[in-house]
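Listed in Swiss-Prot:
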type     : residues                                                              : note
BINDING  : ARG22, ARG180, SER181, ALA182, ASP183, ASN191, HIS221, ILE222, TYR223 : dUMP binding site
ACT_SITE : CYS160                                                                : active site, nucleophile
BINDING  : ASP183, SER282                                                        : (6R)-5,10-methylene-5,6,7,8-tetrahydrofolate binding site
Amino acid sequence: MKQYLDLCQRIVEQGKWVENERTGKRCLTVINADLTYDVAKGEFPLVTTRKSFWKAAIAELLGYIRGYDNAADFRQLGTKSWDANANENAAWLTNPHRKGEDDMGLVYGAVGRNFPKVGGGSVDLLRQIVDDLKRGVDNRGEIYTFYHPGAFHMGCLRPCLHSHHFSLLDGTLYLNSTQRSADVPLGLNWNMIQCYTFLALMAQITGHQAGQAFHKIVNAHIYEDQLELMRDVQLKRTPFKAPTLKINPDIKSLEDLETWVTLADFEVEGYEYHPSIQYPFSV
């Protein structure tokens, strides 16, 4: 929690204003931030200086694992996070690749689970990683990525948290996640949860101990209409002790995650938090 608040304070004090063409808003921006989540010690990075809807963040992660490309599927899992980008993004609404209401196109897990190959066909990146790790293999390229510039025109949004690189060392599984852009008050709040949970799940289904998740953020920003709430409200609050995340031990395979796992299989214990803050969301 401290490292997140330190980043927020750094942006407020040292950030530079940048015009964002997609949203038409200014962003107070810094370049490069590195966050670490110790899954081995159970240090769940859940924001306590405002109420965080952790269930929706995990629901979104499950959708990425399953390769969903429709906002309705994400809603069924328990999150409305893709409703706006699927149905209110002006550029996407006029895109000939859009299939209709709730269609997100080729984004995130829909790319990673069906990564296009040169010359035709596709690769299921996550399946390859899980199969390798279950056999104790780390080929130094166990990367689940959603980043495919050749397919950007076929989706409603370029991926922000775009790559997850798993590494196995002496029986312990580590994760290096890379994020090109982070809406720090809103998106990063969820992304931290997702990096932690993804490593915990992958370690559990491949039979390894979980180590640390290392989270690299390139462009970290606060939108101009979020700044006052961050500076004058959230950063004035004293954080509570970090809670813990409990995952159903019966989750033992990728097939489990693809089929029967729901939010009921996750529980957060000891979560104390300050009142919620309604930060504006930019489409």
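For all residues, glycine too, the Cβ spot is worked out from N, Cα and C.
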Number of other Cβ atoms within 10 Å of the Cβ of ARG22 (dUMP binding site) across all protein chains: 11
CYS160 (active site, nucleophile) and HIS221 (dUMP binding site), Cα-Cα, nearest whole angstrom: 12
Pairwise CA distance, ARG22 (dUMP binding site) versus SER282 ((6R)-5,10-methylene-5,6,7,8-tetrahydrofolate binding site), rounded so that it is a whole Å: 9
DSSP state at TYR223 (dUMP binding site), helix/strand/coil: strand
C-alpha spacing of SER282 ((6R)-5,10-methylene-5,6,7,8-tetrahydrofolate binding site) relative to SER181 (dUMP binding site), in angstrom: 13
Separation of alpha carbons, TYR223 (dUMP binding site) and SER282 ((6R)-5,10-methylene-5,6,7,8-tetrahydrofolate binding site) (Å): 8
Cβ atoms near HIS221 (dUMP binding site) (within 10 Å, other residues, all chains): 27
Secondary-structure category, per DSSP, in which SER282 ((6R)-5,10-methylene-5,6,7,8-tetrahydrofolate binding site) falls: coil
